[in-house]
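K.L.:
First the structure, then my questions, so here it is.
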DNA sequence: TTCTGTGAACACGTTCACAGCG
DNA sequence: CGCTGTGAACGTGTTCACAGAA
C-alpha cells in the first residue's frame, strides 16, 4: 500500500471513498480482459472473482459511481469499462516523467501497463551525464538540468521518482516547483510536499517486512514473539543486538544537501554493458 | 497499496492490527536513521514527524507492542529498534528467491533495503535460458527448472514474483508447491493461492491510476466527471469510445497455459548490452 | 426467478483528550 | 511540568441481508 498523502479534507461531498478508488483499477483490469474476450455482460459475482474481491464490496463500490448494472442480468462490460475509465480520468492523456533511470526506472519505462491506460512517458531524466542520450525503452534519457523545461513544455503534472533515497527530496522539490502536483515515489524516504500535492509511495522493502511479520507468526504458532508488559531487561539492554541495518540504503538522510545525482546507490543504474 | 491476502481470521487474540504492522517498518526506518546519528531518545512527536504520521497514531501503535517509552522523556531509540525488529521478525534471516530477472527483478536484486533487514537473496531465477549463469547483483541467475531444488535446499519461505503477468500464476503455483508460504507479487495479476499462503501485491500502474483520479479532481474542481443517477445513454452506447487498453500487458490472462517463461513482455529482461 | 442496489449492523482504524507516571 | 499510554468518541470501510427491478 502506499501512504503519505496529506490527509483528505473531512468534507468529502459527492466523493468516492478512497478504498473504492483504490479498487477501481482492479475492476478495470478485469473488465478489460473480459472486453478482449468479447464478453458482453458480467455478474457482480464473476467480476468480483476476477478482481479478487467479494461481490458485496464490488456492488457497493459500483453504487458510488451510479447504477450501471441491470438487475437479474449483470453489468454491461463495455459500458462499465468506459465509466470506470472516465471516473479514474483515464480517458485523457497523462504525460509523466520518470526521474532516476536505474534498473527500476528502466523497468518502469518499459512497463506496458504504464504506457497504456492514458499514461504517456513524456521524458526520462537522470542526474548521471553518462546516461544522457542513451535510449531506454525507445526514449533518450535527458539530463536533470532539463527537468523544469520538460515539465513546463509538456504540461506534466505527474512525476515518478525512482532515484536513490538521498536524491528524492531534492528531485521532489524541483518537480513541485516546476508544477508537478502528483508524485509516485519509489525511493525509501518520506517526502515532504506543500499542501495540494499528492504523494503515493511504493516501498519494496516495507512489503517484504510485512510478509516477514506474518511468516513469523505462522512458524511459531504457539510461541509468538510476545511483547510482555513486564519487560525483562530495561531500555538500553540489547544495545548492539542482532539488529541489522548496516550499509542500509535509506539511512542516508543526513547528507541530503549533496549533489542531486548519486545514481548507482540503492537503486543502481542499468548495468552499462 | 497491496491487497489480496485471504482475509485475516476474525479472532485476532493478542494480535497487532494490520494497519499498525504496516507502519512498523516506517518507524523502524526512522529509528535506524536516529540510531546512526547516535540519538539516544526520541519523543513521539519527533519520531512521528520523521515517519510521516501523527503522534497520536504512533503512540497508539506502540501501545500494542507494550510500554516501551518513558513518560516525560520519550522512547529509547536502540531499545525500540530492537523491539520493532523482533516484532517484525527481522532478527532472523529470511532467504528469498526472486523469480523473473528483467529490469524489475534486477532492480530488486540490487536494492539495498532488500539485502539488509534480514532479507537474503538466496537465488535469482529466470525462465530464459539465455539468462542462466549471468551475474546480476553479484548472483548468478539460475534456470527455472532449479526452482523446487533451490526452495527446498535453502528453506525459502518468501518468494518474489517479477515475471510477466502471463507467467505469474504458474510460477506462484510452483513456489507454493515447493513450500513457499509468502509471496510478493509485482506482476499485474490476481494470484490465487491456497489457504495459509500470504500474497502481497505491488502494482505500479494501479498507483498511477489512483494519482490520476485525484489529479483529475484538482483540475476540474467545479466540474468533476460526475456520475449522474440519470443515465444519458443506456448500456452499449459508447461502445468503441475513448477507452484505451490495446497492447495492454495485463490482459493476457487467457493464454495462461503456455510456456512458463515468456520474458521480455511487460517486464522485459535487462538490456543485453 | 436472478441479480443489483442499498440501508443497517458490524468491524476496523483514527483522533481526541486526559489520567497518570516519571 | 512534559510526555506517554489509553479509554472513549468518531469516522471509514466491510459485510449482511433483503427489497425490488428486470
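The backbone N, Cα and C atoms fix where each Cβ goes, glycine too.
Keep in mind that this is a model prediction, so the values were computed, not measured.
This is the feature table in TrEMBL:
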- B:26-65: DNA-binding region (DNA_BIND)
- B:89-190: domain 'CoA-binding' (DOMAIN)
- B:100, B:101, B:102, B:103, B:104, B:105: NAD(+) binding site (BINDING)
- B:219-273: region 'Disordered' (REGION)
- B:221-241: compositional bias 'Low complexity' (COMPBIAS)
- B:244-262: compositional bias 'Basic and acidic residues' (COMPBIAS)
K.L.:
In the same chain, which residue numbers or ranges, 6 or more beyond the ends of the DNA-binding region (B:26-65), come under 8 angstroms Cβ to Cβ?
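P.N.:
Tertiary neighbours of the DNA-binding region (B:26-65) are 16-17, 20, 73-78, 80-81, 83-85, 87-88, 90.
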K.L.:
Compute the average pLDDT of the predicted model within the domain 'CoA-binding' (B:89-190).
P.N.:
96
K.L.:
Could you break down the residues of the DNA-binding region (B:26-65) into DSSP helix, strand and coil, giving a count for each?
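P.N.:
Secondary-structure breakdown of the DNA-binding region (B:26-65): 30 helix, 2 strand, 8 coil.
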K.L.:
In terms of DSSP three-state secondary structure, what is the assignment for residue B:105 (NAD(+) binding site)?
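P.N.:
Going by the DSSP assignment, residue B:105 (NAD(+) binding site) falls within a helical segment, counted as helix.
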K.L.:
Could you break down the residues of the domain 'CoA-binding' (B:89-190) into DSSP helix, strand and coil, giving a count for each?
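P.N.:
Helix (H, G, I), strand (E, B), coil: 40 helix, 30 strand, 32 coil.
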K.L.:
Mind giving me a neighbour count for residue B:101 (NAD(+) binding site)? Other Cβ atoms within 10 Å of its Cβ, every protein chain shown.
P.N.:
28
